[in-house]
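Undergrad: So TrEMBL lists the following for this protein:
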type: BINDING; residues: Arg43; note: L-glutamate binding site
type: BINDING; residues: Ala77, Thr78, Trp103, Thr151, Asp171, Gln194, Asn236, Thr237; note: pyridoxal 5'-phosphate binding site
type: DOMAIN; residues: 6-347; note: domain 'Aminotransferase class V'
type: MOD_RES; residues: Lys195; note: N6-(pyridoxal phosphate)lysine
Amino acid sequence: MTQRAWNFSAGPAMLPGAVIERIQEELPDTNGSGMSAMEMSHRGADFRHIAEAAEADLRELMAIPDDYRVLFLQGGATALFSVLPLNLANGSGRADYVRTGHWSSKAIAEGRRFCQLHIAGDSEENEYTRVPDDYDFDPGADYVHVTPNETIHGLRFPDLPDTGAVPVVADLSSAILSEPINVRDYGLIYAGAQKNIGPAGLCIVIVREDLLTGAREGTPALMDLKAQAGAGSMLNTPPTFAWYVAGLVFQWLKAQGGVEAMAHRNRKKAELLYGAIDGSDFYRNPVVPACRSLMNVPFFLADSALEDRFKSEARDLGLLTLGGHRAVGGLRASIYNAMPLEGVQALVDFMADFERRYG
Ligand SMILES: Cc1ncc(COP(=O)(O)O)c(C=O)c1O
């Protein structure tokens, strides 16, 4: 295979090289079908086998209990920002949201259109450098929404807040499968695929069955989670190729030793990178250490005028997509499951060299 770059993009993000090679190899004839997965009828036996195997592997990787349904939907994580209140805020009509950065703010802006939304915890005043110190949960809320890993601010919840009997709904787009979680701690988990799962165009939803009581009247059919669950995520043609690639990523994860093994690797990668940042006055990460993301590491140069030079010299070495999100600027390295320690080491070596020359 041709030389692949170290791609630090936040998403769509790097996929494991072994998965890319496997796609390449079996594209013309997948599983003896004589066609690629993207050419298969979603209702035929060939694709059904792929779809079922992907779900079974995800269930095994995350130890998903039997009373949770797994859905493979379209519309990205953003579609869920409206799907959630339309489907879940149908008791009191009230929902609590925790604001910890860019993506939870997006979920809040959309959620407000469809339910009585209350911000029950807020990191805005500390500029999203740590998770909220306290919460003001409404025991009558239909759910509490959290974003356990904020992709842009690089903020991670060390522990979930205690919401009592109110189900936690979590946007795990940038953290799913990066470390073990107890699915039972959540009523619903959703994740856009394009970071730790596969290609964009797919959003995975893991939802406790008793929460599937039906969407409120007027909800578009495709946004009705109960109807989607009843139709095996096939109310219409699902994103078949993305589903197939997700299945290959799940197989790869199992071969790597599962989520536990990934967490061990991810901690080593994060320690290496944060160590390089903290060990110098030239680089800075503003997030308090206990709340730092293992997946997305934003950092700033003491002299921001050097940023463009940093990115361009990095690019020349095959270290790609290191610009921070336009909402916060600076730099950011996303180091999802597919990024090996070797890639992070190459970045850290470059950072040390850059500092030597310009520090
Ligand atoms: C935490 C989080 N939530 C939601 C989204 C939006 O995802 P999508 O573009 O799939 O709608 C992103 C995208 O980067 C994200 O990181």
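Every residue gets a Cβ built from N, Cα and C, even glycine.
Since we're looking at a predicted model, the values are computed, not measured.
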Undergrad: Select, from Arg43, Ala77, Trp103, Asn236, each of the binding-site residues with a Cβ positioned under 6 A from at least one atom of ligand 1; if none does, say none.
TA: Ala77, Trp103
Undergrad: Return only the integer: C-alpha distance in Å from Lys195 (N6-(pyridoxal phosphate)lysine) to Thr151 (pyridoxal 5'-phosphate binding site).
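TA: Lys195 (N6-(pyridoxal phosphate)lysine) to Thr151 (pyridoxal 5'-phosphate binding site), Cα-Cα distance: 10 Å.
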Undergrad: Given the binding-site residues Thr151, Thr237, which one has the fewest other C-beta atoms within 10 angstroms of its C-beta?
TA: Thr237
Undergrad: Taking the residues Ala77, Thr78, Trp103, Thr151, Asp171, Gln194, Asn236, Thr237 listed for pyridoxal 5'-phosphate, what is the greatest CA to CA distance in Å, to the nearest whole number?
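TA: Between the most distant Cα atoms of the pyridoxal 5'-phosphate site, 30 Å.
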Undergrad: Would you find the one among the recorded positions Arg43, Lys195 whose Cβ has the most company, meaning other Cβ atoms within 10 Å?
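TA: Result for the most crowded candidate: Lys195.
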Undergrad: Including all protein chains displayed, how many Cβ atoms other than that of Trp103 (pyridoxal 5'-phosphate binding site) lie within 10 Å of its Cβ?
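TA: Neighbour count, Cβ to Cβ under the 10 Å cut-off: 21.
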Undergrad: At the Cα level, what's the spacing in Å between Thr78 (pyridoxal 5'-phosphate binding site) and the residue listed as 'L-glutamate binding site', rounded?
TA: 27
Undergrad: Would you mind reading off the Cα separation of Asp171 (pyridoxal 5'-phosphate binding site) from the residue listed as 'L-glutamate binding site', to the nearest angstrom?
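TA: Computed Cα spacing between Asp171 (pyridoxal 5'-phosphate binding site) and the residue listed as 'L-glutamate binding site' is 29 Å.
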Undergrad: Taking only the Cα atoms, work out how far the residue listed as 'L-glutamate binding site' lies from Thr237 (pyridoxal 5'-phosphate binding site), in Å, as a whole number.
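TA: Spelling it out, the Cα of the residue listed as 'L-glutamate binding site' and the Cα of Thr237 (pyridoxal 5'-phosphate binding site) are 9 Å apart.
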Undergrad: What does DSSP say about Lys195 (N6-(pyridoxal phosphate)lysine): helix, strand or coil?
TA: coil
